[in-house]
Amino acid sequence: MANVVIVGAQWGDEGKGKVVDIYTEHADDVVRFQGGNNAGHTLVVGEETTILHLIPSGILHEGKRCIIGNGVVLDPKVFLEEIGQLKKKGYLKDDKQLVIDGNAHIIMPYHKALDIAREQKSGARKIGTTGRGIGPTYEDKVARRGIRVMDLVHPDTFVRKVKEMLPEKNFYLEQYLGGEPLSEEAIVEEYSVYARELAKYVDRASLLLNRSIAEGRNVLFEGAQGALLDIDHGTYPYVTSSSTVAGGACTGSGVGPTVIDEVVGIVKAYVTRVGEGPFPTELHDEMGEKLRSEGHEFGSTTGRPRRTGWFDAVAMREAVRISGMTGLALTKMDVLNGLDTINVCTAYSYQGELLEDFPHDLDILKECKPVYEQVEGWQVDLEGATSFETLPPKAQAYLRKIEEVSGCPVVLVSIGPRRDQTIQLKNPFDK
């Protein structure tokens, strides 16, 4: 028995979907514990690509129970659309395979309207939100006036809460943000349909998970976004609205920290970021464009082009520390094929001072310049490599450099988007 947490180790988009898909083979339960449909996990099975924003990636494996925990914010329309997409492809043959915790909060139309209107009003000071209502939903959750899944499936409770909330939201939307008011009748009518469809999936995730663990079943906790976007530990305010570090797996699903055995951080062989915020190793030249093109670096949720840069060990060490990572899964290593040299940032330079620790002060971080070590690239394709030993020697050396500068062992290497383009150095479920 082992319980493993998967988290992003950079600014999101690290390839968590594929790694979760690989590790699901060893799990009995797969749990999403934070975020919402601002995440996008891309899975490639054979010639078929599936993109999931809410439902755990393990859903592509028959017989694996997939749970949406209390820490997630749920857009019911997106959720039901994903179910339809999956069933059309022959997945989710048994509805019991999917569970939503009743304490998960619901994204309402006014959350999305507020999210978009705020960004428009912010202009140059915008955060770079996806506009999907994630932040405003978490705001209402923390303010203790959110609408939960359990409220949605009780019609009287839902109508009462909408009546209480909507006048205030409309006032703010109209009078301050210059938006259009929303109709109570339309919201209730639309969401009542969702409630009838959702009801069969609602259960208590915490009870189910703790029973699974007590019975010796393997649980995989699937994080979204990345550690450097954490609401507390990330590059605030250019962060997401939930806890993206490994500790969020406990608070977002209702299990204790003592049941977690391994924490695997997913990390690209280079770095990307979507939206605003500091990015010390960002490339604005032909190399940056090459990484974007070769890595197909466009958001699966928004379609926005991702910013690209060299591997940042300073940021990586921060992510390893705040999540207690026991291993790294390195993705998109094949994107670096054919490069003569590869830069690895090992420290920052700030006003003549060498910084080896990641600054939390954004005024400092914005002024930091990367200090690079050069590593020789490899000129051969990685296709066909099935073990560490069958990788080109210079690719092996790059992996060892990543381990050295991050202080964490590499346990998996992805050399392409397919399942079979994966090298496992250690299985975190093996105890």
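Yeah, the Cβs are placed from backbone N, Cα and C, and that goes for glycine too.
Per Swiss-Prot, the IMP site holds D13, E14, G15, K16, N38, A39, G40, H41, T130, R144, Q225, R304; the candidate it also names there, chosen from T157, T240, T326, is T240.
Sequence-distant contacts (6 or more apart, same chain, Cβ under 8 Å) of Q225 (IMP binding site) comprise G8, W11, G12, Q34, G35, N38, A39, T240, S242, T244. The Cα of H41 (active site, proton donor) lies closest to that of G303, out of the binding-site residues G303, P305, R306. A count of other CB atoms within 10 A of each Cβ picks out N38 as the most crowded of the binding-site residues N38, T130.
Annotation for P305 (substrate binding site): same-chain Cβ neighbours under 8 Å, separated by at least 6 residues, are R292, E297, F298, G299. Put simply, D13 (active site, proton acceptor) is 14 Å from T130 (IMP binding site) when counted between their Cα atoms. Each of the recorded positions H41, R304, R306 was scored by the number of other CB atoms within 10 A of its CB, and the lowest score belongs to R304. For G40 (IMP binding site), the nearest neighbour among the recorded positions D13, G303, R306, judged by Cα separation, is D13.
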